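> One structure, as structure tokens, below. Some questions next.
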Amino acid sequence: MIPITLTRKPILPGTISSLTITNPTLIDTITKSLEDHTSPTYLAAFASNEPASSSPFNHINAENARPFDPNSSYVVGSMVQVHSIPGAVQIGPGNVELQDEDVEAGGDVKELTLLVICHRRINLNSPNLSTSSTTSIPQVNVTHWGPNKYSPETCGDPSTVAALTTELLTQVRELTIDNPAMRESAQSFFNKESGDKPDVLKLCDYLGGLVAGAKGPDVQAVLEAGEASDRCEAVLKMCAQEIKAIEVRREIKEKIERSIGESNRKFVLREMIKEIQSELGEGGDGKDEYVKRGRKELERLKGLGKGVVGEEAIKAMETEIDKIASLAPSSSEYNVSKSYIDTLLSLPWGISSPENYSIAFAQEVLDREHYGMEDVKSAILEFIAVQSLNKDKNTEEMEDKKGKGMGKIICLAGPPGVGKTSIGKSIAESLGREFYRFSVGGLSDVSEIKGHRRTYVGAMSGKPIQCLKTTSVSNPLILIDEIDKLSSSGHHGDPASALLELLDPSQNSQFRDHYLDVPVDMSDVLFMCTANQLEYIPAPLLDRMEVVQLSGYDVPEKIEIAERYLVPKAMREAGVDNGKVEIGEDAIESLVRWYCREAGVRNLEKHIQKITRKIALHLVAEEGGVELKEKDKKKHEGYAVTEDNLSDYVGKPIFTTDRLYETPPIGTVMGLAWSSMGGSALYIESQKVVKTTEKLGEGGGIKVTGNLKEVMKESVQIAHTNARRILNAYQSGNSFFDDHNIHLHVPEGATPKDGPSAGITMTTSLLSLALDRPAREDIAMTGEISLAGLVLRIGGVKEKVIAARRAGTTCLVLPEGNMRDWDELPDYLKEGMEVHFAEDYQKVFEVAFMEEDFLTTE
Ligand SMILES: Nc1ncnc2c1ncn2[C@@H]1O[C@H](COP(=O)(O)OP(=O)(O)OP(=O)(O)O)[C@@H](O)[C@H]1O
């Protein structure tokens, strides 16, 4: 038996292994033994007890057997028989003849690979080794172990062994689950070992050989274990380690497969996108195609002629397109440049909508949707007339003016709901221009108008440029809504100044948006603004505007608007315009008088819509035979809305009367107020404050209530001073104001009030108190009073007259400065009204107290 030292791990009985030998002496010895064809060649294989190299590539190293070295080998080994040499011809029982390629030119074999079958365990007996006569390979003396077969006498407790056997079988299943080759090998092992449960000792050895990743010392432990239970434990330990390693390998494999799967998926999707893009003519990753298209578009713009696209714009586009050509599509800069170019290219350079020069058409459009508003309509017709007369002139001066707006910006000012915004839309239609509206109410950021600088993340252009993009024409009508609500907090610049640049005809042909940073011609755009209160429009802006004041509507006007526009529109929208439904004039008048008193018609429109919706519900319920709830049920026959059944649709009236007193008491006079919501009657009440220990000459104070703001409070003081002076002039001995403290109140204390226009009313109220005489009971008055007693002009005459008529007044005192406003009022408002114009307070006194030339009375 030729002894060898196995460099990796021991060979277990019952297993077949391959051995590779490179040591020439050992090769020589084995070859010689193999050439002796009479008996098989046996080897005594002892594993090396030196620690194996930790290199993971160790097993790639060819040699796994070398000449026997007793000092570095375990004493328990195995007897193996050389079965065959792969690639060699089998000659005798286990012996072979070498092929030429295994033999070097000089006749020496360089590497020998043997297939060996392990028969049994052996122990190394003699430490003294004798060397054979022919080779330097030492001979060894060994003891063979008994048969590798289980017997209860020698192998311990059978129940423990049975349990261990079951466990081993489980391990075999685990180990072979993912490995078909191993499963096949296990199958043939079990076929050979007849019976359900194979011999436990053989099973241990088989499993020990099956575990590919087992370490040398662990296999040696199996080899040295004689007891069945010891051997089982050693094998189970090996199996447990192997199963753990298999799990780790499986996890890694799954992870790799998943990541490969994901990247494969992405790759396939990208390829598909490319394919779709090329089908759509967008090509490749889009960049080349984009650059090509950009350049083509640029050439087109250059060809539009001088002045259509500014030089700066052309240069900026060229630079950006060149830049984009050198950038990766995935870079953030690429996208920034792309959206910049897109914005520039999407502007309507040289494109404008054909304008309408027909006055007849414009008139028809304007009248179709809006009642009244004559001032606005005339301004538009004048504009069209000027445009039409100049359209064919080609002089330089006209070239400059052609299509450049109206010179001034029209600003529609008036209370809410009088149709400012909606007439804007009709104006655009009548002029044949696109309409774009944006509200600047509460706007405090200048970038909303001028855009952000391109250095900001998510930067974009301002509203005017967006308007050009959206409308795709360079001559739209832009309505800037709520210009009086522009915020001036100034954290982000001053939006009013930006608007100034935009609206100024001498500047806006070179409007420079921060985002685009190239001049854009906005001079073809027609700007209009709307506002509720002119006082709040920044002065420089107001200076550039032509204000068209729209006053609120009175009762007849509202009825007309409702009948001609709002009712038909609401019926159309609700789908009840089938001829069956009718909203009577008395119902509309009732709505206007007792439900909707504000200056505009928005609230009236809402009420009418409420009625038509309810009728729609009744119609549908009736058709479908549905029983409605009590609240929604129709309480009358047919579908005619009248004054009597109006409350079924819109509930009880909100207003009853404006008149607080049929006959105002002493110290109470009716004034007239006006706000953006319209006009209203406003009583001024005065009372003397009675003190328990009243002493003459200790008064003179005045207490004010009624939620009055600064200007109105000052007005009280002025009125008090005037009343003292006038009383003194009228009745020089009357010391009423010196003797009494006075309380002046303006009812409806919850509503804040401001403005100087109640000056003459307050004075009259105080004088009525002092003279202990009531003012004329049917009088209402409005006017500011100066310290010297002059009566100054006030605003909102129309609204105030409407309110006065509503409150049943027949005598009106107005400042002389408002005579023109009165003259312009429609006749039906003036009818039956006795009006007096006062230049100073004397006139007011004469009318209120029905006293001719009062200063000469005493
Ligand atoms: N003279 C009118 N003729 C026909 N309809 C009108 C008239 N005035 C107002 N309306 C209608 O009243 C409604 C409200 O008008 P719009 O929204 O234009 O008011 P506004 O003056 O712009 O109000 P705000 O100041 O609150 O913006 C619209 O449906 C409009 O059609």
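Backbone N, Cα and C define each Cβ position, glycine as well.
Sharing the feature lines straight out of TrEMBL:
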- 1-243: domain 'Lon N-terminal' (DOMAIN)
- G414, P415, P416, G417, V418, G419, K420, T421: ATP binding site (BINDING)
- 663-851: domain 'Lon proteolytic' (DOMAIN)
- S757: active site (ACT_SITE)
- K800: active site (ACT_SITE)
> Of P415, P416, G419, S757, the recorded positions listed, which put a C-beta under 6 Å from ligand 1? Please answer none if none do.
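Near ligand 1, sequence order: P416, G419.
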> Could you check the binding-site residues G414, P415, P416 and say which one's CB has the fewest neighbouring CB atoms inside 10 Å?
P416
> Identify, among the binding-site residues G417, G419, the residue whose Cβ has the fewest other Cβ atoms within 10 Å in this structure.
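So among G417, G419, the binding-site residues given, the one with the fewest Cβ atoms within 10 Å is G417.
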> Compare the Cα of S757 (active site) against each of the binding-site residues P416, G417, G419, T421 and report the nearest.
P416
> Can you tell me whether DSSP puts T421 (ATP binding site) in helix, strand or coil?
helix
> So how many other Cβ atoms are close to K800 (active site), meaning within 10 Å of its Cβ?
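Around K800 (active site), other Cβ atoms within 10 Å: 28.
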> Report the residues of the chain - excluding G414, P415, P416, G417, V418, G419, K420, T421 - with C-beta within 8 Å of the mean position of the site's C-beta atoms, for the recorded ATP site, in sequence order.
L412, T530, N532, L550, A599, G600, R602
> Would you mind checking how many other C-beta atoms are within 10 angstroms of the C-beta on V418 (ATP binding site)?
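For V418 (ATP binding site), the count of other Cβ atoms within 10 Å is 28.
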> For the domain 'Lon N-terminal' (1-243), what's the mean pLDDT in this predicted model?
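Result for the domain 'Lon N-terminal' (1-243): average pLDDT 74.
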> When DSSP states are folded down to helix, strand and coil, where does P416 (ATP binding site) land?
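DSSP call for P416 (ATP binding site): coil, neither helix nor strand.
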> Which residues does K420 (ATP binding site) neighbour through Cβ under 8 Å, counting only same-chain ones at least six apart?
L412, A413, G414, T530, L550
> Here's one to test understanding: among the binding-site residues P415, P416, G417, V418, G419, whose C-alpha is closest in space to the C-alpha of K800 (active site)?
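Answer for the nearest of the binding-site residues: P415.
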> Other Cβ atoms within 10 Å is the metric here; tell me which of the recorded positions T421, S757 scores highest.
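When each Cβ's neighbours within 10 Å are tallied, S757 leads.
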